[in-house]
Amino acid sequence: MSKNQDTDMVSNKNLMLKTIAMPLHKNINGNIFGGWIMSKMDIAGGILAKEISKGRVSTVCVKNINFLKPISAGDLVFCYAKCKKIGNTSITTKIEIWIKKIHSKLFGISYCSTTATFIYVAIDKYGKPRMFSIKNKKSKLK
């Protein structure tokens, strides 16, 4: 990854994952199960944290998960992640799930369905926190 790509990963909202919600992922009410949504958010944030820290990371905290609108089977699911804060061993991310309807009379409609803050810690091969550095990390966050 080039220096400019590193800067972009830290400062921009990044599309980290794109998938489709399937009927198998429905809850008893017919909407997509919140646990499935949360797992996609964790994967998306984990990819971003791994790229920033250039190594292994572990999820340590999920804050303020907000299920704003339901997701239906057949919806395209876009997981965006943005780095909000970098510590000596930790990375705080803001994750958003955006939906695009690709079926029924709602075809093409998009909306934000879920938001949350995920915190990851960089870890070494023994699973212990490890320090990492990124040049000018404070100036890269907006």
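Even glycines carry a Cβ here, placed using N, Cα and C.
According to TrEMBL, the protein has these features:
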| type | residues | note |
| --- | --- | --- |
| DOMAIN | 11-126 | domain 'HotDog ACOT-type' |
| TRANSMEM | 106-123 | transmembrane segment |
Item to check | Secondary structure composition of the domain 'HotDog ACOT-type' (11-126) [DSSP: H/G/I, E/B, coil] | outcome: 27 helix, 56 strand, 33 coil
Checklist outcome for this item: In the domain 'HotDog ACOT-type' (11-126), averaged pLDDT is 95
